[in-house]
Structure formats: structure tokens, C-alpha cells
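Taken verbatim from TrEMBL:
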TRANSMEM  33-57  transmembrane segment
DOMAIN    45-296  domain 'G-protein coupled receptors family 1 profile'
TRANSMEM  63-91  transmembrane segment
TRANSMEM  103-124  transmembrane segment
TRANSMEM  144-166  transmembrane segment
TRANSMEM  208-229  transmembrane segment
TRANSMEM  249-268  transmembrane segment
Amino acid sequence: MTAHQNGTISSEVSDFLLNCFVRSHTWQLSFSLPLSLLFFLAMGANGVLLITIWLEASLHEPMYYLLSILSLLDIVLCLTVIPKVLAIFWFELKSISFYACFLQMYIMNCFLAMESCTFMVMAYDRYVAICHPLRYPSIITDQFVAKAAIFILARNVISTVPIPILSSRLHYCGRKVIENCICANMSVSRLSCNDVTINRLYQFAGGWTLLGSDLILIFLSYTLILRAVLRLKAEGAVAKALSTCGSHFILILFFSTILLVFVLTHVVKKKVSSDVPVLLNVLHHVIPAALNPIVYGVRTQEIKQGIQRLLKKGW
């Protein structure tokens with residue numbers, strides 16, 4: 001931080017300080033234990049799932065490729081956020097360079113939007129499987145997964161690029177203490193001495209357009225699935241379909257609800273402790289990542305059998 005001859009402070013900032021849980025420093029260590037356990041569970045479960053799908057030839061099918069995409073996204077999101085948060089909790093390593101901060105911001109926004117988009121494609125996959133089972137092999141092909149992966153990548157990589165660019169172009173007037181554990185867009189841009197209306201509007205409009213449209217399509221898919229399932233006459237088929245799709249839908253709702261609560265706590269921040277949105281922001285990067293492979297993967301009979309076969313080979 002340098003001073004000009006006229007006495008004003010330079011707007012150049014080379015690094016930021018992440019100041020987690022300002023009002024609750026005492027429970028940083030106690031929170032770090034469940035957080036590290038969730039992190040290792042997420043990494044381990046997603047790692048096992050990816051290895052199983054990769055090594056088991058019987059799992060080389062579109063549905064499991066989509067599951068692999070979800071696991072890869074979860075691993076990247078976890079690695080982008082949680083190790084740094086734990087480093088702050090355990091070793092007080094609060095400093096993060098200017099460019100690392102905006103890179104983290106971009107990865108978080110981009111990969112959360114990609115995850116939402118993947119959920120949407122997976123909901124469509126389940127819709128075709130249950131509502132049009134005879135046409136499933138001709139609709140959900142390897143080419144379909146390749147096109148879906150390109151769409152997931154292109155849509156979200158391009159649409160989230162302006163978020164870190166808009167924030168990095170702001171002048172920070174020497175202010176460098178971010179009241180958050182991560183470089184969330186609004187937490188960082190709040191430090192600026194510029195007008196951040198465009199940043200707020202783009203984050204808000206982008207978030208609701210991408211995640212909102214995904215959620216509407218997911219909800220539509222599961223509504224059609226539910227309608228088709230309730231018409232089934234075969235005994236046990238209704239229970240099986242509801243069990244599978246129900247757990248998927250609950251997981252997607254959980255993914256969206258944390259985001260919604262986070263937005264609402266920001267809106268009514270005067271009535272809610274500033275630590276609440278920070279906590280939700282961190283948990284949103286690890287809880288879905290820990291639950292996704294369990295709900296989508298381990299509850300799937302073919303994946304369970306694949307893991308068992310690999311374990312037998314290993315022994």
C-alpha cells in the first residue's frame with residue numbers, strides 16, 4: 001500500500017485478507033473438525049465413484065458418464081474452497097493474492113453453475129428413462145452426453161467470465177480485509193470505492209437466469225416423472241422409482257435451498273448475524289459434494305456391485 005504525494009492512498013492492492021467468522025472466532029477450531037471430515041468424505045466418495053466408473057466396463061453408459069461429470073465438478077469445487085478455509089482456521093493463513101482471489105471467484109461461480117446445469121441434464125436423463133423407456137437407448141447416447149458436456153462447459157464458462165472481470169477492474173483504495181472465508185463476488189466488491197451496482201445486477205441476474213432456468217426444468221422433469229410413476233400398475237415399480245427420483249430431487253432442492261437462504265440472509269443482513277451467510281457459503285461447497293456420490297452413486301445397484309468387484313480384485 002503506497003501513498004501519493006498529495007496524501008491520498010493508492011487504490012492498488014496486491015493481496016487480500018480473508019477474515020472468517022468475525023464474531024465467532026472461538027468456534028473456528030470446533031467447526032474445522034466437521035468441515036475437514038466432510039471434505040475428506042467428499043474427496044474420497046467422489047474419487048471412489050470416478051475410479052469405479054472408469055475401471056468397470058459395465059458402467060460405461062451415458063447415465064454414469066453424467067455422474068462422472070458431477071463428481072469431477074464436486075472435486076474441483078471442494079479443492080478450490082475448503083483447503084484454504086482450513087488453512088485459515090488452523091494456521092491463520094488469511095492472505096490470498098489479488099489474482100488467486102479472482103481465480104477462486106471465477107471457479108466458484110462457473111463450477112456451481114455447471115453443477116446446476118448437470119443436475120438439469122441428469123433430471124432429463126431420468127425423465128426419458130421413466131417416461132419413454134423404449135426410446136431411452138436411442139435418445140440418451142454417448143453423443144448426447146458429449147453434446148451435453150459441451151453445452152454445460154460453454155454456457156457456464158462464458159456467462160460467468162464477467163463476474164471476476166468486473167470485480168478485478170474496481171479500485172480498492174487500500175482496503176483489503178474481506179469479511180468472508182472465500183472470495184465471494186459481493187464480499188470482495190464491497191471493499192471497493194467505486195459504484196458496484198453493475199456487479200450486483202450481473203451477479204443477481206446471472207444467478208437467477210442460469211440457476212433459476214435449471215431449477216424450473218428440473219422441477220418440470222420430476223413433475224412429469226411423478227405423473228408417469230403414479231400411472232404404473234406394476235407392483236414395486238412405483239416405490240422403486242419414487243425412492244430413486246425422490247432422493248435425487250431432495251438433493252437438488254438442498255443444493256438450491258442453501259443458495260436461496262444465502263441470498264435471503266444477504267438481503268436481510270441487518271437482522272441476521274454476518275457469520276450466517278459466510279457459514280452457508282462454505283457449506284454450500286462441501287455438503288452437496290459429500291452427499292452427491294452417496295445418493296446418486298452408492299444407492300445405485302450397478303455402482304454398488306462395481307465397487308464390490310473392485311474391492312475383491314484389490315484384495
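Cβ atoms are placed via backbone N, Cα and C, with glycine included.
A contact between the transmembrane segment (103-124) and the transmembrane segment (208-229) is present, since 3 or more of their C-beta pairs, 6 or more residues apart, lie under 8 Å. Taking the domain 'G-protein coupled receptors family 1 profile' (45-296) as a whole, pLDDT averages 89 in the prediction.
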